[in-house]
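Structure first, commentary second.
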């Protein structure tokens, strides 16, 4: 009898919670309608499109979905969220690995920004880019409006907003710095729904936080970037290696010395690692002949068998297309691409011999192909003596990893997720985290770091803040307390407002 009473009470409570949830959603929608801000009704086609996360492993249910088309719309939507007492999250490209455009949890008012994608370049070659533009579309517009370019990543569907707020790493970073290094101003909506401009001279502390602080401080409606002239010649390349275990260790040691001391600024490099391969790839801001002169000595020094399997002279547009991997370049909305995966990341200084040996041993001992899943690792040459990224101090912007030589992305996905009926396996988390541990466990605490844009959803909020923002965390917390003391724009891992 007691169990029946307990069950009845639980069902009654669930009904009350559901009714309150529906009432809150209806209230927000009514407020948006009164402010003439577009929104999606629950269970509509638009709700299904915009309300489904890119990473289906971490899909959440928003309190409501607003679709602003101007800065004023964003401000009005923020006011509706404030009136309803819910947290508010901005979703640009929607590619956050932790679904932070949803807040990383149920119940946020989500602002779907991808209808705001305008890009314009003025006579001073300053690009004004709306907060919902994606990298591919932005690159095309910059080229079309005066042959301009911006340092950014390779995935065309990634939103400019999340990319720059987290850092903005890509194949031009070693030469031209992070995306955030080109940001000179922004128009933002604050947590009280007011609209302000930020730059080095206006709300400079908030401007500092927006450059690498991961979001959660304000909602950016427009970014302003300096740009550079798109180069006429870029050479893309791939070096294919056939290394045994011993050659892996020797090769990585040689590459580390070269990356730290010799690798020229005009070159970017990434090691693409999976169960069957370890290849080098990237871009060179120059011609193929000069690139061969750079690659051949380090290939010889690395030892083992290696071959230049691709060497293609192209231009800025051509190198963008090289790394699309079948994706559409010209993307605005609607965007309906999804994956089912777990990712992790790591930043680190020069590795000890112990760490390199442990990483190689783990790869050889544990990396057999897993049926129905595909894993890979991107090992980026991040810093070093000649890196443009490393030429800026760690505290000049909120991006806290400029002193780190290396950046890794670890990624494990389920291929046939549409027909998958089982949750992501616990063994997948353990496998990827095992790779990370081979390096992380050898590092002192103050040199451990992770890249926010390659989010690890298994971190606690305390762990995430410490690893994503390292020595800049305390300053970010103070700025958060100044501009968003009630954590209106917070998510499950964002910087907390601590004075």
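Just so you know, glycine gets a Cβ as well, placed from its N, Cα and C.
Per Swiss-Prot, the substrate site holds 97, 154, 378, 409, 454; the candidate it also names there, chosen from 265, 270, is 270. Rounded to a whole number, the C-alpha distance linking residue 80 (disulfide bond) with residue 97 (substrate binding site) is 27 angstrom. Listed in sequence order, 79, 80, 83, 84 are the same-chain residues six or more apart from residue 31 (disulfide bond) with CB atoms under 8 A from its CB.
In this structure, the recorded positions 80, 154, 419, 454 were compared by how many other Cβ atoms lie within 10 Å of their Cβ, and the smallest count belongs to 419. If you take the C-beta of residue 270 (substrate binding site) and look for same-chain residues 6 or more apart in sequence within under 8 angstroms, you find 171, 280, 281, 282, 378, 379, 380, 381. The Cβ of residue 97 (substrate binding site) has 55, 58, 341, 343, 453, 454, 455, 457 as same-chain neighbours under 8 Å, each 6 or more residues away in sequence. If you take the Cα of residue 330 (N-linked glycosylation site) and the Cα of residue 154 (substrate binding site), they are about 13 angstrom apart, rounded to a whole number.
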